[in-house]
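Below: the structure, in structure tokens.
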Amino acid sequence: MSTVNVQIGLHELLNGSNAQIQLSVPQLVEKVLMRNEGKLTSTGAVSASTGKYTGRSPKDKFIVKEASVADKIAWGAVNQPISEEHFNKLYTKVLEYLKEKEELFVFKGFAGADRNYRLPIQVINEYAWHNLFVHQLFIRPTEEELTTHESEFTIVSAPNFKADPAVDGTNSEAFIMVSFEKRIVLIGGTEYAGEMKKSIFSIMNFLLPEQDILSMHCSANVGEEGDVALFFGLSGTGKTTLSADPNRKLIGDDEHGWSDNGVFNIEGGCYAKCVNLSHEKEPQIFDAITFGSVLENVIINDQTRIADYNDTTLTENTRAAYPMHAIDNIILPSVAGHPNTIIFLTADASGVLPPISKLSKEQAMYHFLSGYTSKLAGTERGVTSPQATFSTCFGSPFLPLDASRYAEMLGEKIEKHDAKVFLVNTGWTGGEYGVGKRMNLGYTRAMIQAALNGELAKTETAKHDIFGLEVPLHVPGVPDEVLMPEQTWADKAAYKAKAIELANEFKANFKKFDSVSEDIINLGGPIA
């Protein structure tokens with residue numbers, strides 16, 4: 001199937017009598033309720049369930065192996081190849097399936113807040129609530145922009161279309177396929193809305209580096225003096241929570257680009273975890289869940305329609321999607337200068353990493369490439385308790401290119417703009433998972449505040465005798481004993497054994513980076 005034929009098929013779909021293009025938020029909410037796709041909550045948000053797929057399905061994600069990208073993609077377990085023949089046949093079947101639907105919902109918008117680098121996109125949805133989701137998550141065009149909008153990438157989403165693995169070359173009924181040549185994302189068999197968001201992120205992670213822009217899985221905010229901070233970390237490590245600071249303006253909560261001009265948000269909304277959400281803990285997120293927002297897999301009371309954020313009956317990966325303007329202290333457009341401070345967030349299930357450490361450039365490169373954290377319950381199917389993992393660049397599932405490409409760009413930018421880098425453990429303290437407890441959020445906020453305001457630049461540090469990290473001895477608002485993880489363990493010998501075990505895991509994982517400079521290994525990694 002040629003690119004021309006792909007475009008003809010899209011044109012027919014978009015011009016069919018069933019295509020509802022660029023509906024407003026109230027119209028989409030009405031459609032969701034009329035079609036019985038979701039319920040209205042007491043705050044006016046739409047609550048929808050995603051069925052059995054309550055998280056991403058990494059094993060069902062494919063990139064079409066096309067001549068133009070075959071030698072650029074880092075093929076493997078993350079970037080699984082699928083043939084053009086399989087894609088073309090499945091694409092044709094999905095289009096025929098969607099043509100028969102009474103209604104289709106189309107959103108046109110952008111990815112990338114910096115006008116110099118934004119990607120015009122369109123999303124064709126089988127579900128109205130999915131269209132509401134992308135309306136809130138991506139960048140919405142003005143009426144004037146809409147008149148000249150020409151999509152450069154299209155998502156075609158058909159959750160109720162099930163693939164046949166024996167025929168379609170998939171691993172299950174679900175599929176998320178990206179064709180860079182045809183500029184199509186094809187999604188089916190899963191109702192999890194996050195697949196649409198992350199597909200566009202994966203695409204930007206391919207396109208932006210070609211323009212010498214570092215694409216990053218991070219949140220970002222900016223202080224009153226224009227100082228920019230980045231927060232890296234996988235789902236559930238605290239990116240959204242910790243960057244929602246009442247004293248700083250939010251640039252974005254999850255996906256950014258770093259160009260020669262500075263930092264820009266890739267999205268136009270936020271996709272926040274809301275398990276155990278309360279107004280007391282996270283007022284910005286709690287208050288953002290208003291009319292037009294989307295709640296995913298959140299249980300609501302049948303009579304009062306009040307959301308119960310503590311109920312994890314469906315999944316722990318409950319989510320809220322809302323536009324940037326639902327938060328008070330944001331910066332719009334979502335662009336800012338170069339980062340002054342970079343925070344690497346890790347949820348260390350072994351409980352041995354310090355709650356905060358200062359990193360040299362080499363250590364920053366090492367820990368960026370390592371991307372150590374723990375997979376937390378619910379962010380992927382089948383994960384019900386924390387599992388130690390190394391996710392390269394804190395975003396391995398979304399990186400189509402070789403990891404060294406992103407790491408080299410980060411190292412260059414850290415050096416050029418003199419950014420200060422810190423490793424922050426939001427995981428366990430006083431013992432490993434099951435023995436210790438989760439790090440106190442108030443302490444984490446105090447440590448990050450000290451990093452942002454420059455206090456940690458002048459505080460005394462001690463070198464960790466196993467990881468070689470520089471650990472501050474004093475942080476305002478944090479008990480000194482919390483800063484040195486060994487002090488929080490009752491059994492000091494057990495701590496040392498566990499720390500050495502983790503250090504060895506770091507070393508074993510790093511062996512896969514055979515083209516990395518010796519300086520990064522010798523000066524950046526564990527010393528014991």
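The backbone N, Cα and C atoms fix where each Cβ goes, glycine too.
Listed in Swiss-Prot for this protein:
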BINDING   Arg56, Tyr192, Lys198, Arg319  substrate binding site
BINDING   Lys198, His217, Asp254  Mn(2+) binding site
BINDING   Lys198, His217, Gly233, Leu234, Ser235, Gly236, Thr237, Gly238, Lys239, Thr240, Thr241, Glu282, Arg319, Thr444  ATP binding site
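Feature map: Swiss-Prot annotations on the structure.
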{"residue": "Arg56", "record": "substrate binding site", "Cβ within 10 Å": "22"}
{"residue": "Tyr192", "record": "substrate binding site", "Cβ within 10 Å": "27"}
{"residue": "Lys198", "record": "substrate binding site", "Cβ within 10 Å": "23"}
{"residue": "His217", "record": "Mn(2+) binding site", "Cβ within 10 Å": "26"}
{"residue": "Gly233", "record": "ATP binding site", "Cβ within 10 Å": "25"}
{"residue": "Thr237", "record": "ATP binding site", "Cβ within 10 Å": "25"}
{"residue": "Lys239", "record": "ATP binding site", "Cβ within 10 Å": "27"}
{"residue": "Thr241", "record": "ATP binding site", "Cβ within 10 Å": "24"}
{"residue": "Asp254", "record": "Mn(2+) binding site", "Cβ within 10 Å": "26"}
{"residue": "Arg319", "record": "substrate binding site", "Cβ within 10 Å": "27"}
Those binding-site residues of Arg56, Tyr192, Lys198, Asp254, Arg319 having Cα within 10 angstroms of Lys239 (ATP binding site): Asp254
Closest of Arg56, Tyr192, Lys198, His217, Asp254 to Thr241 (ATP binding site), Cα positions, binding-site residues only: Asp254
Rounded Cα-Cα span from Asp254 (Mn(2+) binding site) to Arg56 (substrate binding site), Å: 16
Recorded substrate binding residues, Arg56, Tyr192, Lys198, Arg319 - maximal Cα separation rounded to whole Å: 14
Listed binding-site residues among Tyr192, Lys198, His217, Asp254, Arg319 whose Cα sits within 10 Å of Gly233 (ATP binding site): His217, Asp254
Cα-Cα distance linking Lys198 (substrate binding site) and Thr237 (ATP binding site), given in Å to the nearest integer: 17
Cα-nearest neighbour of His217 (Mn(2+) binding site) within the listed binding-site residues, Tyr192, Lys198, Arg319: Lys198
When distances run from the Cα of Asp254 (Mn(2+) binding site) to each of the binding-site residues Tyr192, Lys198, Arg319, the nearest one: Lys198
